[in-house]
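> Annotations for this protein, taken from TrEMBL, read as follows:
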type: SIGNAL; residues: 1-19; note: signal peptide
type: REGION; residues: 164-192; note: region 'Disordered'
type: COMPBIAS; residues: 167-180; note: compositional bias 'Basic and acidic residues'
type: COMPBIAS; residues: 181-192; note: compositional bias 'Low complexity'
Amino acid sequence: MKNNTLSALLVLVISSLLAACGFQLRGTGAAAFQLDALNVTARDSFGALQKDVREALQNGGMNVSANAPFTLHLAQETREIRTASYAYSTQSAENRLIRSLNYQILDRRGLVLITDRIDLERFYSTYNAVSNTEQEAMLDSEMRRDMIQQLLLRIQPLTQGQLEALQRQEETKQRAEQEARAAQQQAQPATE
């Protein structure tokens, strides 16, 4: 009885120390978003990625709404398998699974405020043909979760003020480009 109590107390002390220093298992922490609301769109509007990202944002406390002032646009998701190494007789020994996601943060008018990309890669052996497909599917699923987690980590610190400042910069840049084009057109001699 004394050993059980001592063991329980030891576990309690260790877990308290780990929690106090900020330790948590990967993917278990609550996402603390600075933005209140965000719209989510995708090139493939019925795809699994958009659904999973929406769900992850909502689980983190984000209000996902078409009326949000800013939009997360999942522009392009790619998946590629390449041979990473060869064995004897030019047979593939190891493959590299690559997943990429291009995404943008847009304002209500579609003005691009942020463009970024997430790249992930994993390697797996091709020697065992039976487990090869299973291993690839498992890695693919794991990479999708990791990609969404990285996306959430990049969105978390964004504030309304930061995005509004980027919006003003982009609007100023567009006005300057329009004025430069207009000035260039006026400077060209009229041809009759």
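Yeah, the Cβs are placed from backbone N, Cα and C, and that goes for glycine too.
Tell me about the surroundings of these features in the structure.
Remote same-chain partners of the region 'Disordered' (164-192), defined as residues 6 or more beyond its termini with a Cβ less than 8 Å from a stretch Cβ, comprise 107, 111-114.
Each residue of the compositional bias 'Basic and acidic residues' (167-180) gets a DSSP state, and the totals for helix, strand and coil are 14 helix, 0 strand, 0 coil.
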